[in-house]
Amino acid sequence: MGARDDGTAEEIPGILHLDMDAFFASIEVRDDPSLRGLPVVVGGAGARGVVAAASYPARSRGIRSAMPMASARRLAPDLVIVPPRIDHYRTVSRQVMGILGDVVADIEQISVDEAFLDVRGARRLFGEPEQIADLLRRRIREELGLPSSVGGSVSRAVAKIASARAKPDGMLIVPAARTAEFLAPLPVGAISGIGPKAQASLERLGVRTIGQLREIPPATLARALGPRAREVARLADGSDRTGLGRRVKDRSLGTERTWDEDLTDHEEVRRRITVMADDVASQLRRAGFVGRTVVLKLRAPDGTTITRSSTLDQPTASGERLRELVVALWERERPSMPRVRLAGVRATHLEPSAGIAVQSELTARSAGWSDLEAAMDRARDRFGSSSLGRGSTLAPGRPAPRGDSAVDGPADGPVDRAVDGPVDTPADARADPSAEASDGPRGPGADGLFPAGWGMPHGDSSHISG
């Protein structure tokens with residue numbers, strides 16, 4: 001804590017969000033300098049290829065992550081497509097996190113290319129948050145040859161928004177006393193968790209900016225946003241003080257598939273997603289986690305993507321429970337999704353399974369399924385992930401093809417065809433539009449403390465990472 005002119009204690013904006021800029025693409029450009037200045041994307045070059053990451057020259061042409069590669073080629077005929085090197089990206093990610101760990105002890109890695117840091121304990125050795133942020137960015141640039149952006153605040157949510165405003169290759173620290181002022185002109189979609197549906201609900205109320213959101217009566221906000229209303233209100237008025245979360249290395253576990261031929265049989269989609277649910281449950285058990293939220297992702301041939309989730313009272317790693325949830329989500333959405341190009345299942349809000357009554361919600365019948373799932377895990381360990389599956393996941397009269405048993409296999413497996421893109425998706429490759437990178441003008445003061453008297457243009461960007 002410092003001291004203000006009035007003698008009261010001043011909060012230190014000690015939560016930093018460090019996000020690598022166009023991580024995968026930046027690595028490829030670093031490793032091959034001849035690519036510098038060219039529109040480079042990482043992803044699959046096939047007919048169903050998807051852009052996993054785009055360099056800033058590519059973004060200037062309108063190319064975005066999660067875009068079909070065919071669309072990207074139309075925007076940039078001279079597009080350079082580089083196949084993903086997953087193991088290499090993971091190695092570089094470990095190097096980045098190693099640099100962070102040299103300086104800061106309290107780190108929460110949330111993806112392959114971003115992390116939150118609580119730097120308050122490092123001030124005695126390394127100075128104020130802006131000095132620590134500058135040190136980290138310089139070391140990453142000098143030792144790894146890669147650009148990064150850092151945002152800082154008294155809360156993780158605002159730190160993440162600030163890092164997006166600093167991009168590319170910038171730094172933005174928001175003083176505690178000016179948090180509400182910083183947020184006021186930003187679009188409501190800048191708040192993580194307010195997706196297109198919630199944003200549309202707010203716009204119907206005439207609310208487009210975070211400042212306008214602060215004026216809504218609590219009851220009206222609750223009707224528009226449901227259970228998240230109180231949390232969003234705290235974020236909007238600058239009173240949120242959420243720090244680092246539990247240190248779970250992988251914040252989610254999941255799998256997804258893109259198919260060469262679109263699926264038009266709703267029962268076939270149901271079978272595929274139940275296989276994925278089994279796979280995710282197995283991943284959870286192997287990793288020693290349980291998940292509280294299950295997410296179903298569906299993409300149509302035209303690129304329209306639907307993401308729906310269901311949250312449990314008790315976290316689980318039960319395949320039976322995950323299957324029930326994803327099937328229920330699919331049944332609600334299938335009328336609006338006659339053709340499916342991609343499907344994915346993911347478990348989020350992970351907790352270590354030790355000490356948690358994972359089976360507390362299960363019946364005696366379900367306990368039998370738990371024993372069966374444990375036996376299936378052992379068989380997969382011995383014979384491979386595609387060695388067996390449930391008969392209910394096969395179409396009537398359809399045998400399990402060689403190399404494509406009833407179990408589709410993990411996200412990096414050979415079955416069907418894994419999505420043309422990396423398994424560990426970086427922040428700039430997420431399909432959620434609210435997580436796309438901002439290519440618009442950087443906010444004033446993007447290389448230091450936000451200065452007095454700034455003006456943030458309305459609607460500059462609702463995107464908060466990349």
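Every residue, even glycine, has its Cβ placed from backbone N, Cα and C.
Features of the protein shown, as given by TrEMBL:
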ACT_SITE  E114  active site
BINDING   D19, D113  Mg(2+) binding site
DOMAIN    15-195  domain 'UmuC'
REGION    383-466  region 'Disordered'
SITE      F24  site 'Substrate discrimination'
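Structural mapping of features recorded in TrEMBL.
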residue: D19; record: Mg(2+) binding site; Cβ neighbours (10 Å): 28
residue: F24; record: site 'Substrate discrimination'; Cβ neighbours (10 Å): 33
residue: D113; record: Mg(2+) binding site; Cβ neighbours (10 Å): 31
residue: E114; record: active site; Cβ neighbours (10 Å): 24
Per DSSP, three-state class assigned to E114 (active site): strand
Rounded to the nearest Å - Cα separation of D113 (Mg(2+) binding site) and F24 (site 'Substrate discrimination'): 9
F24 (site 'Substrate discrimination') to E114 (active site) - Cα separation in whole Å: 12
E114 (active site) and D19 (Mg(2+) binding site), Cα-Cα, nearest whole angstrom: 4
